[in-house]
């Protein structure tokens, strides 16, 4: 049937901020869904609190509510926008949970759910209802029991036995789940799982550890047509969350008989659950010996795996699911890549490998052991002609300095221990075991990874050990290595290792070129080349191909520009950079220039098949970039939008005289080189904090003594503030140097950067655009947290509350830097205002993570403006094209936007609740995974909204726990007095209690954990604490860390700096005032 005409206003619920388990994949699916609904003529209304997403750009929906995703807000939008139907299946667990809460409160009267009805959501998400539905249709399930209390859980474990898996209903990314091997572990896991489930329901089931795990991406329409889009196999056996597992498509160790059983079961499950207009993900486990197949769970929505399946096959699951939700059937929908009906099941003639990206180095105390609760921050995908080619390409894509199967250890006992323990480096330890002569069967007993995968790694190791310089003149051998996925850099490294002969990657490339060994570029076309592909979505392979290679036909010379993406999501480089790359592609379209996108992240909008004119899915390594440049003969390359990843390639690109457009490499080099940049600032007479570069440990002590404490130290060439610390005295410096030199050598090549730390300074971020002649100061973002907390973790807002004199100076200095550097495009400058003086902290001649937020706040697409400037080098023209009404200031070559009449605030979102053992205290090393935006008529209300959106709601009354470090106590007492005046009660441990008492602020003294019972943890567990204020630091004792862990565990809202408390007080003082719920389009009128 054609599209429905009985509905017109459709509300799409987004997934909110990037968190572990819900990342860019929902921006990809949401953007695709918004575009589809709009193209079909529906009025689209969106709610999503994440400003870094493409889907929240005003042009993708008619009304865009960047507001907290709460039942109350959704109900207000339903009434205000006269919503006919809600599409909740594109917003992950957040959207499903929101509509379930609304249903339970009776808030969905007269509104239809599209894609999945309430009954289907309940059956799919409620583990008891799912079990009953599966038993009804004869599906085998793991033996299990449900529990709603800790007592029922204990009864269940007596029946199930150990080891047992505990799973919580209606949670994201395995939240609250785990494997218990004994009663003590079980009791803690059961309590946590009951707390994590919004309906206090948990499932205790028999352990399936060691079983093989598979996922089926299924689509069903209203005519009961069903297709399997993709079958994904987990290399890691059951026991590791599928989001943390290395996965492959198509499945490689599944017999056709098993596949058909799984396919039939998937269709039967969708029919029983009631998913009749959309996509779902169904997970199975198969015993490797008995072949018993059990159903694990299903998601009645588009999921993380759906995004992977879409990118792996080229089949646009989110678009098709959206069209099915509004009435179409599969045979009525056209596959955009081949122009064949969407009812054709995709067929793959290549192998896809996904590897997760972790950030354990950022969180001391967090175990890197993987289990049923997800821990990864991002992922990469690689495509190859065979398994090993795809696997090695994926390893190279992770950007953690692995060139392939790097050797990690020669200690066999240590290696065996690491193979037993699921962890991000397990495959590399398996390779090390094979290097030491361990057989496949012995490795299998340690890890339960299928023997076929293990034998492939063993084969790779055998080949590696035979690599020597003779391959450089032997075409057959060299082609064979490239066919197995060996990068030029890895071949060079193995020649050095095996022969002690220095060979550079360039020499390997030259040898390849002389022997005419170049990659073939093949298409992802959903049909194994059976039909002609109309949209170029390409990957490289050295695998032999019986078909002729795809030619890069160019009827006439069209201008083309290559955009180098940002690679895997990680802390410090997230969705904000992908947003900028997407905008670059859209801006090139406006210029009638062909865009070529290059990335390896399957979650993102940039790797959607219709974002750019040509898409290359490849590791972001110089070897791959060079081959694409040579193939495409591009007229320009953009390296400034993907964060540090493409910027690191700029030097090699400049050497080969590649056409980098925008800010040239020599400018990037000045900004990135500490000594060159300090000289540059001296020439311009711009103040920066006292600093020095220590090239040895002794030099570090002498520089610190000259500068004076406190100091901030950081090694060179690290991302996201890794190993960066604030040190108060010589003893702390000594301890730091002793610990950091274990991880990093301080030398002339790797100096330690030492700066004077400006205490109590106000930090600012400035984003600007320059064309070498004029400058556009897009925004001055004021940080709430003081200097010393990484800018990516600090809340910031616009317009600034600083004096006009300081703001004028910031604009003047920013313009001076941009023009004298010779920036063409975006740049980001960080300043600190200390004792009324302006200091420059750093300059990044690239897009920053604040660009998407600022673009939303101003209504100006900054990345598009910058792209146009990079191509045309005409700032005035670019602003006129994209910002017809907003420029108000022009003086001395400086443009300024009209400041908003509202306050827009960006707040960071952290993964602490997913990473057990992490500490919520912030510092110079970045820890946040995502962000939210609060928009309101005042700073206090914007902050109030942002805290609600980032799961840290501000309470209006109750008991506040206060723990203040000594140096903050005097200032804190003044603020605490205001909290008491607002009606709050305070409680504190002895030191803070005495300080409050001395200042005349009433508080209840509570015991520390080590002082007896009942203590502060008991109060938290009993739900008596409404909020916590803790300004301790990482140097505080274990007792304080346990208290902070209790804050997280018991979902207590918390605040960790005095500057945040000042804004919290504003929020509390204004929270009783009504603030109308407005769409972004209304704010920008």
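Placed from the backbone N, Cα and C atoms, the Cβ positions cover glycine too.
Pulled from Swiss-Prot:
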type: REGION; residues: 1-399; note: region 'Carboxyphosphate synthetic domain'
type: BINDING; residues: 127, 167, 174, 206, 208, 213, 239, 240, 241, 283, 297; note: ATP 1 binding site
type: DOMAIN; residues: 131-326; note: domain 'ATP-grasp 1'
type: BINDING; residues: 283, 297; note: Mn(2+) 1 binding site
type: BINDING; residues: 283, 297; note: Mg(2+) 1 binding site
type: BINDING; residues: 297, 299; note: Mg(2+) 2 binding site
type: BINDING; residues: 297, 299; note: Mn(2+) 2 binding site
type: REGION; residues: 400-552; note: region 'Oligomerization domain'
type: REGION; residues: 553-951; note: region 'Carbamoyl phosphate synthetic domain'
type: DOMAIN; residues: 678-871; note: domain 'ATP-grasp 2'
type: BINDING; residues: 714, 756, 758, 763, 788, 789, 790, 791, 830, 842; note: ATP 2 binding site
type: BINDING; residues: 830, 842; note: Mg(2+) 3 binding site
type: BINDING; residues: 830, 842; note: Mn(2+) 3 binding site
type: BINDING; residues: 842, 844; note: Mn(2+) 4 binding site
type: BINDING; residues: 842, 844; note: Mg(2+) 4 binding site
type: REGION; residues: 952-1085; note: region 'Allosteric domain'
type: DOMAIN; residues: 952-1085; note: domain 'MGS-like'
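All features noted in Swiss-Prot, drawn onto the structure.
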| residue | record | Cβ contacts under 8 Å, 6 or more apart |
| --- | --- | --- |
| 127 | ATP 1 binding site | 146, 167, 169, 201, 202, 203, 297 |
| 208 | ATP 1 binding site | 142, 165, 238, 239, 285, 294, 296 |
| 299 | Mg(2+) 2 binding site | 124, 280, 281 |
| 758 | ATP 2 binding site | 689, 787, 832, 834, 839 |
| 788 | ATP 2 binding site | 712, 726, 757, 759, 923, 924 |
| 844 | Mn(2+) 4 binding site | 671, 827, 828, 829 |
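If you take every residue in the region 'Oligomerization domain' (400-552) and average the pLDDT, you get 90. Taking the Cα atom of each, residue 714 (ATP 2 binding site) and residue 842 (Mg(2+) 3 binding site) are about 13 angstrom apart. Spanning the listed ATP 2 site, residues 714, 756, 758, 763, 788, 789, 790, 791, 830, 842 have a farthest Cα to Cα distance of 18 Å. When secondary structure is read from DSSP and collapsed to three states, residue 299 (Mg(2+) 2 binding site) falls in the strand class.
Close to residue 830 (ATP 2 binding site), meaning Cα to Cα within 10 A, are the following binding-site residues out of 241, 283, 842: 842. According to DSSP, residue 830 (ATP 2 binding site) sits within a strand segment. Taking the Cβ of residue 790 (ATP 2 binding site) as centre and 10 Å as the limit, one finds 21 other Cβ atoms among all the protein chains shown. The Cβ of residue 830 (ATP 2 binding site) has 19 neighbouring Cβ atoms from other residues within 10 Å, across all protein chains displayed. The separation of residue 283 (Mn(2+) 1 binding site) from residue 241 (ATP 1 binding site), Cα to Cα, is 11 Å.
In the three-state DSSP scheme, residue 241 (ATP 1 binding site) is classed as coil. Neighbour list (residue 842 (Mg(2+) 3 binding site), Cβ cut-off 8 Å, at least 6 residues apart, same chain): 829, 830. It is 241 that, of the binding-site residues 241, 714, has its Cβ surrounded by the most other Cβ atoms within 10 Å. Counting every protein chain shown, the number of other Cβ atoms lying within 10 Å of the Cβ of residue 239 (ATP 1 binding site) is 20. Sorting each residue of the domain 'MGS-like' (952-1085) by its DSSP state yields 63 helix, 22 strand, 49 coil. Long-range neighbours of residue 283 (Mn(2+) 1 binding site) (same chain, six or more residues apart, CB within less than 8 Å of its CB): 213, 214, 215, 216, 242, 295, 296, 297, 298.
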